[in-house]
């Protein structure tokens, strides 16, 4: 069944409250990490997104049984490993699936994993994953588009990441948790999703010290127990709706948020002239009657401005009179939103990973998302325009935003996605 496009009749102010969904980027590695235990694990706050279903399909292939026990609660049980390969058909859909290698190395001692996929914006290598594994005693070779890895004993030693990498840090952690070795990781990522993974593993009996710092020490344990865990809220979705409120010059309350995870986004919006009030688990974003100012933005690893919010910020700045400069050295090719925003009247000039944005008024147009966050930029732009924008490529939005049209309507937007019409059988 082909997905129908998202329609947005723009020009409305947003209002009310929106509950931010659990973090997809935290949920995916935690689902993978659950197979390190042979006992049942129950996760609360699991978003029902296409990427989650993909990782569950991969986990099922490995040997995990799962059951949804509530709207966002999931129980997983992996009593034994049935397969030690991660097939291309699944891994090619999503980059996060590459961390299955670390989990399989820990639990089964070997793994064959295809090169990862995901959103198609540039080359995002896994060389830091591979270098870390080799430094810690894993034998790993690449052959025919697959990485084949095995370990003879427990991982031991130290590794210094050459650059901050969320997935590389997570993969090395997963591979090191079981056994009797001691592993030290330097220049490790302090991203919120890494910290949530560490907290989850420690809740099952892992011994990982240094979460939230750039130095991690992992002492292997014989086995992990089962347990329950609640996943953190999605700071990228929260940032998206904060920017949507600013773009529509609205007042919006976000619930189920961690304000401390959003300081970089909050800081830039306040620099533009948006009022932001933080309370426990809530953020109030107020851009009503504001003459917003242009700003310069450069993406960085957490706690800096997130690359996953760069396209959305670019869409906002395209509506703000004056010159803004947006630079994304984290993922320099994350620019697929630019051509589509041009179709809506945006004035954006690109040089390398730098966008120079001359803000103005956007107009409705048919557009197509080529990746998840480009899709978010397009729906934000559509909310600001007079007229109806039709957004193709909804499958990408479904990777990161649950029930998007319904939730946009709940805060005052005129958004809908027509039901697909099934052709009748021919005689």
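Cβ coordinates are placed from backbone N, Cα and C, and glycine is handled just like the others.
Residues annotated as active site, proton donor in Swiss-Prot, with sequence analysis given as evidence: 119.
Residues or ranges marked as phosphoenolpyruvate binding site by Swiss-Prot: 24, 25. Sequence-distant neighbours of residue 25 (phosphoenolpyruvate binding site) (same chain, 6+ residues apart, CB-CB distance under 8 A): 96, 166, 193, 234, 236, 308. Residue 25 (phosphoenolpyruvate binding site) falls within a helix when secondary structure is assigned with DSSP.
Per Swiss-Prot, UDP-N-acetyl-alpha-D-glucosamine binding site is recorded for 95, 124, 125, 126, 127, 128, 308, 330, and the stated evidence type is sequence analysis. A simple way to gauge crowding: the CB of residue 128 (UDP-N-acetyl-alpha-D-glucosamine binding site) has 20 other CB atoms within 10 angstroms, across all the protein chains here.
As annotated by Swiss-Prot, 2-(S-cysteinyl)pyruvic acid O-phosphothioketal applies to 119.
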Spatial separation of residue 24 (phosphoenolpyruvate binding site) from residue 330 (UDP-N-acetyl-alpha-D-glucosamine binding site) - C-alpha basis, Å: 20
Around the Cβ of residue 95 (UDP-N-acetyl-alpha-D-glucosamine binding site), the count of other Cβ atoms that are within 10 Å: 18
Neighbour-count leader, CB within 10 A, binding-site residues: 127, 308: 308
Distance [Cα-Cα, Å, rounded] between residue 127 (UDP-N-acetyl-alpha-D-glucosamine binding site) and residue 24 (phosphoenolpyruvate binding site): 24
